Amino acid sequence: MAITNTFTTCNGFFIIILTTLVISSSLFGTSNAQLNATFYAGTCPNASAMVRTIVQQAFQSDSRIGASLIRLHFHDCFVNGCDASILLDDSGSIQSEKNAGPNANSARGFNVVDNIKTALENACPGVVSCSDVLALASEASVSLSGGPSWTVLLGRRDSLTANQAGANSSIPSPVEGLSNITSKFSAVGLNTNDLVALSGAHTFGRARCGVFSNRLFNFSGSGNPDPTLNTTLLSSLQQLCPQNGTGSGITNLDLSTPDAFDNNYFTNLQSNNGLLQSDQELFSTTGSATIAIVTSFASNQTLFFQAFAQSMINMGNISPLTGSSGEVRLDCKKVNGS
């Protein structure tokens, strides 16, 4: 999944799905062994509760913050693994991922991450990593918005550098086709079920005109709008995002319940009300295995919640730094000693 100003990206189930979940979990056996739910039990036992409290406070002044925080975790994990590299600012030796195409002028929530880190440093100096902050903040964001809760595996450490070029090439884009996005998920060990489940995070948050305007007037050089875009939605979006406009207009990713984490994202796809090209293609790509998964999630919210929680765990297990690798940054914006 690349979203803009929150979640412009991007960007499994039946018996098959349950089997796939077991397989996908086994892919991360090494990481699962390294990360564990009680990592801070003796060193910072209130870490999770502190993160949740600060995220809850942030929601009071910014209804979009949950989607923004989970997007940071997503965009971080797809580049060199879940190592908080997305949080690093530019420096003499670092080209910040914040300035990569999928993140520039769209990634947000850094101030909330800093607030969380400050509180944790005051309570447990040098203990909780920034990458674990992103994982914990994502779970809090979803559960506080009415979505599922899950046990967050912890013990990640933070990178010493960033990878701006990797951010430009590895993060799924809202304007690329399903096959490309599937390949990007596969490259980090995530399967089609993970792709559909994690795309469901677009059930909350906002997107800017710039990431879906390709669908409104001249889709793929056809001279016409995207035929898979609901005509009523098309009309309203053309007014919000005129052809020669600035591209800065913002609209809800989920038309029906924009701030709630539910399965309406999937029912929207069934009525051609997916905002992003990358969203609608999950249901409108003829012959795609994603169609059956969308249908199952649209009809069974519990199934979606279970799959989403498992896929978030899978994503959080992408190439974590553990043991003596990396460091626990004292300030998420810079490496220690810089």
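Any Cβ shown, glycine's included, is placed from N, Cα and C.
Unlike curated entries, TrEMBL annotations are predicted automatically.
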Quiz item: Pick from 12-29, 282-299: which range has transmembrane segment per TrEMBL?
Solution: 12-29
Quiz prompt | Cβ-centroid neighbourhood (8 Å) of the Ca(2+) 1 site, Asp76, Val79, Gly81, Asp83, Ser85, Glu97 excluded | solution = His75, Cys77, Phe78, Asn80, Cys82, Ala84, Ile86, Ser159, Ala162, Asn163, Gly166, Ala167
Exercise. Just give me the nearest neighbour of His202 (heme b binding site) among the recorded positions Arg71, His75, Cys82, Cα to Cα.
Key: Arg71
Practice problem: Please work out the mean pLDDT for the residues of the domain 'Plant heme peroxidase family profile' (34-336). | Solution: 97
Quiz item: Do any of Val79, Ser85, Glu97, Cys124 (recorded positions) have a CA within 10 A of Cys332 (disulfide bond), and if so which?
Solution: Ser85
Quiz item: Relative to the mean position of the Cβ atoms of Thr203, Asp254, Thr257, Asp262, the recorded Ca(2+) 2 site, which additional same-chain residues have Cβ within 8 Å?
Solution: Phe204, Ser256, Pro258, Asp259, Ala260, Phe261, Asn263, Asn264, Tyr265
